[in-house]
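According to TrEMBL, the record shows the following:
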DOMAIN    29-374  domain 'Orn/DAP/Arg decarboxylase 2 C-terminal'
DOMAIN    37-282  domain 'Orn/DAP/Arg decarboxylase 2 N-terminal'
MOD_RES   LYS60  N6-(pyridoxal phosphate)lysine
BINDING   GLY239, GLU276, PRO277, GLY278, ARG279, TYR376  pyridoxal 5'-phosphate binding site
BINDING   ARG279, ARG315, TYR319, GLU348, TYR376  substrate binding site
ACT_SITE  CYS347  active site, proton donor
Amino acid sequence: MQPFRYRDGALHAESVDLAAIAAEVGTPFYCYSRAAMAAQYRGFADSFAPLRTLVCYAMKANSNQAVLRVFAGLGAGMDVVSGGELRRALAAGVPGERITFSGVGKTRAELAAALDAGIHCFNVESEPELLTLSEIAASKGATARIALRLNPDIDAGTHAKISTGKAENKFGVPIERARDVYAEAARLPGIAVAGIDVHIGSQITDLGPFDRTFAAMADTLRMLRAEGHAIDHVDLGGGLGIPYHAGQDPAAFGPERYAELAKRHFARADVAVVLEPGRFLVGNAGALVASVVLVKRGGDKRFVVVDAAMNDLIRPTLYEAHHEVLPVAEPPDGVLLDPADIVGPVCETGDYLAKARPFPAVSAGDRVAVMSAGAYGAVQSGTYNTRLLVPEVMVDGDRFAVIRPRTSYEELIGLDRVPDWLA
Ligand code: LLP
């Protein structure tokens, strides 16, 4: 489903004119389509039938309570990576038995909280973590269901900063150590070996690395069962990529071929499959809407300066990520498209949303939408340059609601404390 379309000369989210939202909440703001999120979830979850699956939304991609409610309402579980995310998932009504906990540096307090919540599985990333979890669980008289996150040393073919399955990356336990570490896990008090886990990276558009990874996991599953471990699930992580470029055919990014791979490797294994999609469920369902502050020339370049910046959406400068930028007012057919750098007001050369992008003439006050910003957008925002966290809005058909208001300067500056000796 394509939730953002021009209608009557203006870019709409579902049936709501983005300019109307801008007039009410001001810019910049993030806008999400509930229908697009739900459609992505259903398409994803359904494509794995007849496998027994648990889809644990990787909520790091977008953890607004309203977004979590959309997925929880459809039966999703959540993959959490911190005590904070665990609290958010529980607050959104996600039952503990549908929560997985990933991450290389879980603290004792976080492990204890997840044990208390009775989560489905700890995706353990190292032997020290395993020992600590065992100790805490045993002291509580509890049992932690665990999967070891295995590092298969496979190159996901994605940006270096979001590749996680190579030996040089900090994640998981080397797959060749699986036999030994599972044997150790089986001996530890408070630990129940339940699954195996992997996640090789994000925005993966070539299925080859997934195929090789799933094959390695299927081999490991057979080996561990032969060793006597009762493995009830395989967690295949997330990572499925989405279209970011205008010319790309969304149909080519469907979940079907990815799901086929999972079926090919696990349908006959009598094992449940856990999936942790993040970006796939929310990325194309969101846009960041901004206003043009001014247009300036520098050398032979045109700079469109907007009121959103790298602190609101850091993906372009952090990962050289491409996001389409559309004017909210539909440009007439055949309009001249001159290259422009679309930049924010932050005092850094890396503060840009798009570079050398063919773009129509715009002027101060015009609105623009940075597309495919539903994943890793608002959650990675900050307040650099004392800029306020921007609001988030959810659209549902012809209505919309602010699901996080803009913060205020009082709130932001009020976080600081001046010691007596400076007052
Ligand atoms: N599971 C684990 C253990 C993960 O670390 C991640 C993402 C996911 C699932 C979800 O991956 P996805 O389906 O969203 O690709 N900030 C970066 C992406 C970082 C991904 C981190 N881990 C970006 O904006 O591209």
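Using the three backbone atoms N, Cα and C, a Cβ is placed for every residue, glycine included.
TrEMBL entries are annotated by machine, without manual review.
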For the recorded positions GLY278, CYS347, GLU348, which sit with their CB under 6 angstroms from an atom of ligand 1?
GLY278
Using a 10 angstroms cut-off on Cβ to Cβ distances, just flag whichever of TYR319, TYR376 is the loneliest among these binding-site residues.
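Looking at the binding-site residues TYR319, TYR376, the Cβ with the fewest others within 10 Å is that of TYR319.
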Among all protein chains shown, how many Cβ atoms are found within 10 Å of the Cβ of PRO277 (pyridoxal 5'-phosphate binding site), not counting that one?
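Looking across every protein chain shown, the total is 27.
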Same chain, not part of GLY239, GLU276, PRO277, GLY278, ARG279, TYR376: whose C-beta falls within 8 angstroms of the C-beta centre of the pyridoxal 5'-phosphate site? Give them in sequence order.
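Apart from GLY239, GLU276, PRO277, GLY278, ARG279, TYR376, the close residues are ALA58, LYS60, ALA61, SER202, GLY238, LEU240, PHE280, LEU281, ALA375.
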Please report the three-state DSSP label of ARG279 (pyridoxal 5'-phosphate binding site).
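In three-state terms, ARG279 (pyridoxal 5'-phosphate binding site) counts as helix.
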On a C-alpha basis, identify the one among LYS60, ARG315, TYR319, CYS347, GLU348 that is nearest to PRO277 (pyridoxal 5'-phosphate binding site); the candidates are the recorded positions.
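Considering only the listed recorded positions, the nearest one is LYS60.
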For ARG279 (pyridoxal 5'-phosphate binding site), which residues of its chain lie six or more apart in sequence with Cβ-Cβ distance below 8 Å?
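Non-local contacts for ARG279 (pyridoxal 5'-phosphate binding site): ALA58, ALA61, SER202, GLN203, GLY238, LEU240, GLY241, ILE242, ALA375, TYR376.
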Within a 10 Å radius around the Cβ, which one of these binding-site residues has the most neighbouring Cβ atoms: GLU276, GLU348?
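Its Cβ has the most other Cβ atoms within 10 Å: GLU276.
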Please state whether DSSP places TYR376 (pyridoxal 5'-phosphate binding site) in a helix, a strand or coil.
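TYR376 (pyridoxal 5'-phosphate binding site) sits in coil per DSSP, no helix or strand.
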Determine the mean pLDDT over the domain 'Orn/DAP/Arg decarboxylase 2 N-terminal' (37-282), rounding to the nearest whole number.
97
Enumerate same-chain residues with a sequence separation of six or more from LYS60 (N6-(pyridoxal phosphate)lysine) and a Cβ-Cβ distance below 8 A; give 'none' if the list is empty.
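Non-local contacts for LYS60 (N6-(pyridoxal phosphate)lysine): ASP79, VAL81, GLU85, GLY278, TYR376, VAL379.
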